[in-house]
Number of protein chains: 2
Amino acid sequence: MASSHGCSPLFSCSSCLLMRIPPSSSTAHLDYPCCLWDRMGTRDYNPKQMAIREKVFNIIISCFKRHGAETIDSPVFELKETLTGKYGEDSKLIYDLKDQGGELLSLRYDLTVPFARYLAMNKITNIKRYHIAKVYRRDNPAMTRGRYREFYQCDFDIAGQYDAMIPDAECLKIVYEILNELDLGDFRIKVNDRRILDGMFAVCGVPDEKFRTICSTVDKLDKMAWEDVKKEMVNEKGLSEDVADRIGEYVSMQGGQDLAERLLQDPKLSQNKQACAGLTDMKLLFSYLELFQVTDKVVFDLSLARGLDYYTGVIYEAILSQTIPALVSTPAEQNGADEAGVSVGSVAGGGRYDGLVGMFDPKGRKVPCVGVSIGIERIFSIMEQKASSEKVRTTETQVLVASAQKNLLEERLKLTNALWNEGIKAEVLYKKNPKLLSQLQHCEETGIPLVAILGEQELKDGVVKLRNVVSREEVDVPRADLVDEIKKRTL
Amino acid sequence: MASSHGCSPLFSCSSCLLMRIPPSSSTAHLDYPCCLWDRMGTRDYNPKQMAIREKVFNIIISCFKRHGAETIDSPVFELKETLTGKYGEDSKLIYDLKDQGGELLSLRYDLTVPFARYLAMNKITNIKRYHIAKVYRRDNPAMTRGRYREFYQCDFDIAGQYDAMIPDAECLKIVYEILNELDLGDFRIKVNDRRILDGMFAVCGVPDEKFRTICSTVDKLDKMAWEDVKKEMVNEKGLSEDVADRIGEYVSMQGGQDLAERLLQDPKLSQNKQACAGLTDMKLLFSYLELFQVTDKVVFDLSLARGLDYYTGVIYEAILSQTIPALVSTPAEQNGADEAGVSVGSVAGGGRYDGLVGMFDPKGRKVPCVGVSIGIERIFSIMEQKASSEKVRTTETQVLVASAQKNLLEERLKLTNALWNEGIKAEVLYKKNPKLLSQLQHCEETGIPLVAILGEQELKDGVVKLRNVVSREEVDVPRADLVDEIKKRTL
């Protein structure tokens, strides 16, 4: 019996999550049930998805290049110890390689730690680079929300000792440009500063050793109501109600430069050195954002915390305003209440991490860094959905070399070869005597705009019949003019 | 004491290969000795290497697109069982992931098996696709020859039931085009057919069960003399001298279409069905290669065997004629006699594999395939070496926004922002008051051709001083014409 969501009859998909593929010998046939991807948390990209991916990457890379960035690449695995102690509680999500002799290795978890390792290893003290590559997390996959175990990150970082907030402002400008150009609807970029958070925790009476764990709890405010966050602070993290309420007042605050100015006058915060440094920088940041004309989308939001340990200053996160309907529902997710239209949530995030490079340098030499990571998988999900009803071309072929008559394979191959040699993107069907209809159908299916038709008469006349696939118009073109004519028509 | 090849004093590099990095806690400083990469067999790509890589990829992708190919992508890991039994003796080189619960996974070993798995899983019966991605092999690294444990493959494959040898000929045409355009000097493409090899083994008296292992031995003829290959056949593989000598006669043969015709008349081979089928196809292949104008580089060579199990028909391999001097010598390699100038060897290879997709289909449905893989790492090595003395730009920045005077940061940022908004690739130094000299130096170091200089006078006049970095010529350009002027000068 075939299962309800299209699995092979060999497998009972009602128990999808427990099911195992039977062990196979080298000659046994493997079968891939539909739910395998759900379990593995990875996916293939088909040609249509790749065409969309290429478009998205082109927009992002153009932006990075417009801002003068170079690019680097690093291996997919790092020494296990390189990743140790960089990701807080999330370290359990790191994929390890099996110990087959030699160094212990893990798949990279992000591109930031490899970047810091690269800088320290090569003693680089300033660079502006982007890096687009896949990273790996053994997280619970949620494919409908574009959350995979293997996913792309697009990182842009500026390393170097510079005057305050100038590179930080450029990172925000980049997020703004990319989200605008991708045309994903309205968005907001929340900004905060780890020093402001720490100062706030201090003046609210949070003990020093609880800063990081309370920070993690505050970070949940984008998914949980304040009441629940407060409960976690009090019941699980052991804060007093008083302290939690004081935090609650601060984290409800949102604004711009004005809020930074107001908080610099706050009787408690103004007494805290860390907070003052953060707030002064926040003011300066907004003055640069004003010059960069992006303040309409940027909000100083005291509830933004971000999970990672390594941030030391400004942090930010971009959120799309729209929700997307679930693409495919997995049984596990169907239980979720919010799955009819899930919020795509954060599509970019980053911040300043001035201490990370020093962790990899034998002498602890610091290289200040600030950067941003674009959450490209969620963006792919949205773009794919937008394109789901559209026809997307997956090849760039300009012309198909065809014939209506038999025994012209050699002539077709000769002409195709000549076109390739002249730089024309050309195809020919791999059949001795294909029907004209199937040649035209191939063009219609794949969007090839032109057909170059050869026949005995055309060969005799030294011409090629050039057909426009859409209009069905045909015109005889002298062989010598063919390349120019194709170029002209497929500009 | 610092070691002779630049390691940190913490490590004794005389015992490089045995050395371990000391275990570190999250706050301990990691140090990366120079020999770590040699041991791991991986490498970072720096911006200059990336610029070269981008150039190489562009040439290859343009060629694939010119031939009408789509592209796909697949996860970096596959189910372990997907890879089982596909690579013969080389299976021991597969990287496994640690069992952390869930499916057992391995890093992909090539792009061909994932492609076949993709076709079977999605029931695709015809496609022409390319796939450029990294693959993983726990081989002995030989970085000077461009052999890494993580390396790129660039694969182009044609799947589908077509008339004989037409897609096969296109694959060879593609290798020819790419090697020509990369401008790597002279090359040859050797062609053979598994059916010819099998027929040859049969008529020489090799027992059926030894076909594959003798095939592996024949494959060593590009690195070993015939005498040594013969020794291996007789002493290790248990062939009689007679049989080996008969093989020796055949594998010394090289030619073109004429050789195929001659062997079709060979009293022994002509009695073997397999060999005849292979030879007839070889004749046909050469007739298409003639039409594609590539026969000047293609040789029918009976010694070509190729290691992989899955080939069923035509096989081929491209070899560069030039040798390259070793880039960096590792102690292990310095012992090698041939290291002064190593032959780069094979830079592309492939063939027909009609049975592989069927191994992944529950009903064993076959999808005939033929493809080629470009050995891009060796090509990178050569290109990097060529470029080692050249200056390669790693950014595309058109203009640096600069100032000779103090207190003009805001004006610099404003102008930079305006240029970004107009699509100009622009940079600005992240300093409040940088010296003009350091701004000009930045341009010279990174190859930025233009500087847009702002000063009090220029601001008053509504102009920008545009300076050509190389010629040092300066001209005042009205602010309104600046974008056009920059575009004109950086076409």
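Any Cβ shown, glycine's included, is placed from N, Cα and C.
Since this is a predicted model, take the numbers as computed values, not measurements.
Between the candidates B:ARG137, B:ARG188, B:ARG262, TrEMBL assigns the L-histidine site shared with B:ASP110, B:LEU111, B:THR112, B:GLN153, B:ASP157, B:ARG306, B:TYR310, B:TYR311 to B:ARG137. Once Cβ contacts within 10 Å are tallied over all protein chains shown, the binding-site residues B:THR112, B:GLN153 are led by B:THR112. In the structure as shown, the Cβ atom of B:ARG306 (L-histidine binding site) sits within 10 Å of 21 other Cβ atoms.
In this structure, B:THR112 (L-histidine binding site) is part of a helix by DSSP. Binding of L-histidine is attributed in the record to B:ASP110, B:LEU111, B:THR112, B:ARG137, B:GLN153, B:ASP157, B:ARG306, B:TYR310, B:TYR311, and the widest Cα separation among these residues amounts to 21 Å. DSSP assigns B:ARG306 (L-histidine binding site) to coil in the three-state reduction, outside any helix or strand.
In the structure as shown, the Cβ atom of B:ASP110 (L-histidine binding site) sits within 10 Å of 19 other Cβ atoms.
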